[in-house]
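The transmembrane segment annotation in TrEMBL covers B:21-45, B:80-102, B:114-134, B:164-189, B:210-234, B:272-291. As annotated by TrEMBL, domain 'ABC transmembrane type-1' applies to B:76-290.
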Amino acid sequence: MSLYNNHTGSRAGKTARNTVIVVLLLLFALATLFPIYFMVISSFGDPVEAGAVSYSLWPGKFTLESYSFFFNYSEYSYRWILNSTIVAGAVTVTNVFFATMAGYAFSKLRFKGRGVLFSILLAAMMIPYQVTQVPLYILIVNTFHIENTFSALILPGLVTVYNIFLAKQFMSSIPTEIMESAKVEGCSQFQIFFRIILPLSKTVMAVIAILTFMDSWNTFFWPFLVTNTMDMQTIQVGLKNFRFANTTYFSPMMAGATISAVPMFILFFSLQKYFLEGVTVGAVKG
Amino acid sequence: MAQSAQTVKKRKIKGDGVWGYAFIAVALIVYALFTAYPVFSAFLISFQEYKPLGSTYIGFDNYTATFKDDLFWKSIKNTLVYTVLTVPVALLLSFLVAIMILPLRKKLQTVFKAVYYLPVVASGVALSLVWLWIFDPMPGGIFNQFIGWFGAHNQNWLGSSATAMFSLVIMAWLSSHGASIIIYLAALLGIDDSYYEAADLDGASFLQKLWHIVLPSLKPTTLFLLVTAVIGSFQVFQNAYLMTGGGPDHATTMVGLLIFDNAFKYFEFGKAAAQSLILALIIALVSLFQFKFLGKDVDY
């Protein structure tokens with residue numbers, strides 16, 4: 001027995017009910033996916049000026065010219081993708097490493113001030129980013145003088161509180177006995193972490209990696225603030241230039257938008273399980 | 001994961017204090033440098049007229065100027081309107097979709113979860129470019145074509161102050177409910193079957209079960225989603241910045257965008273810092289209010 005009466009009523013009634021449900025879900029899915037669909041099909045159109053475009057819902061023509069237009073438009077088009085990959089990759093690696101380390105310490109080790117320190121970290125999640133944006137900008141640009149470098153793009157995201165929280169939540173379910181017996185066998189904490197904790201934490205490491213990479217790849221605001229030459233921009237910032245320089249070219253712009261989204265789509269479809277699992281960690285109380 | 005965490009005894013390993021500090025060292029340094037110090041610094045800057053070489057202390061001037069600023073109040077109003085129009089609809093849609101996904105077979109559930117989550121994965125900049133074209137003011141614009149089927153005349157959606165906010169709201173209605181759908185579905189699957197069995201014995205209908213079992217059980221989840229959605233909505237910046245730039249006639253200037261403009265367009269760092277702290281206070285108060293009045297009988 002559950003919310004829906006699966007056992008009572010006729011089989012035909014149940015089939016009819018589920019059919020209606022699926023149709024409704026498909027209709028709403030169509031509306032939700034429409035922008036993505038429109039983006040992809042429009043990117044295969046001719047790179048003509050917007051005035052000459054008839055916005056159609058069906059591809060009248062299939063050509064990759066808008067893609068080459070996008071890559072030829074700026075000598076930095078490839079560079080933007082490379083920069084995004086470098087920044088998102090670096091941020092992902094450091095987050096997986098440092099967040100699992102901190103998560104392990106907060107969930108399994110006893111040291112003075114552990115509770116207080118963790119609460120202070122958590123408090124950060126409630127502060128709107130608008131509060132830190134100005135001082136952070138001043139710190140990076142006026143104090144450290146590292147604007148327009150990879151350091152400026154990577155350092156503030158080195159490890160985030162949210163990821164520490166995820167790691168801690170996950171690791172508190174690993175039985176402490178395992179670590180104790182490893183200790184009795186003569187393992188150092190370092191060995192315990194690398195030989196026991198990390199292999200047991202693959203799921204949460206994957207979740208952290210994926211969510212961090214997605215966040216970092218899609219982020220627009222910070223790279224937009226701290227880069228000032230085209231060669232240091234990430235793909236999201238590059239897209240924005242493209243818009244202002246080339247507002248009139250519709251298809252190439254959609255090609256650029258598609259290019260910026262496709263890596264995430266590919267990751268999503270290959271690692272869907274971790275994406276969907278990651279969403280519920282910390283949000284649902286069982 | 002989180003479930004079993006509750007049941008495991010909270011035992012910690014003794015005698016490894018130094019390792020504890022070593023393991024959190026990097027996290028703490030990053031936090032101190034890039035979060036704690038900036039917050040502290042925001043307080044200081046908010047009382048200053050900031051200049052790169054030596055700022056002047058001006059007391060509460062940034063705050064009083066903000067409270068006298070019509071544009072600030074308008075941006076607060078815009079943010080509130082946007083929040084009230086988008087958040088409840090987003091929650092309701094997510095709930096309805098989750099309820100509809102629930103009776104389907106496992107495979108189909110996964111397919112729909114993935115489909116609805118896909119827009120979350122796409123880049124926000126890319127999607128806003130797409131929406132710019134959907135709202136194209138020419139009669140050939142997709143949205144104008146769509147309303148044309150219903151006999152409506154084409155509008156300058158983003159370019160007119162009457163419709164610009166509405167356009168941003170429509171965009172929010174049709175994007176990114178993926179995360180809340182999945183969270184609702186997980187919460188629905190977590191409701192114990194024995195409640196439904198008892199209700200069935202009493203001859204309860206679907207709607208009665210929905211009202212007496214599902215809604216109360218989902219209250220903590222709804223509160224969580226509501227609080228996080230409102231917090232997110234108060235900070236909204238990117239869509240307004242990329243789609244309308246706050247215009248026309250400041251009809252879509254959200255408070256997040258106003259702070260950004262003050263800081264990085266006019267370089268009034270002090271004023272921006274003061275406004276960001278006021279925003280933080282508003283968000284804290286609104287969250288507290290929600291917990292106090294909606295969370296009354298929710299226990300964690």
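Cβ coordinates come from backbone N, Cα and C, glycine included.
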Maximum Cβ pairs under 8 Å to the transmembrane segment (B:80-102) - stretch from the list B:21-45, B:114-134, B:210-234, B:272-291: B:210-234
Chain residues in Cβ proximity to the transmembrane segment (B:164-189) (below 8 Å; excluding those fewer than six residues from its ends, i.e. six or more beyond): 78, 81-82, 85-86, 89-91, 93-95, 97-99, 101-102, 109, 113, 116-120, 127, 131, 135, 157-158, 214, 217-218, 220-221, 224-225, 229, 239-240, 243-244, 247-248, 251-252
Intrachain neighbours beyond the transmembrane segment (B:114-134), with Cβ under 8 angstroms and 6 or more residues off its ends: 97, 141-143, 158, 171, 175-179, 181-182, 238-239, 242-243
Residue numbers, six or more beyond the limits of the transmembrane segment (B:21-45), whose CB comes under 8 Å of its CB atoms: 55, 269-270, 273, 276-277
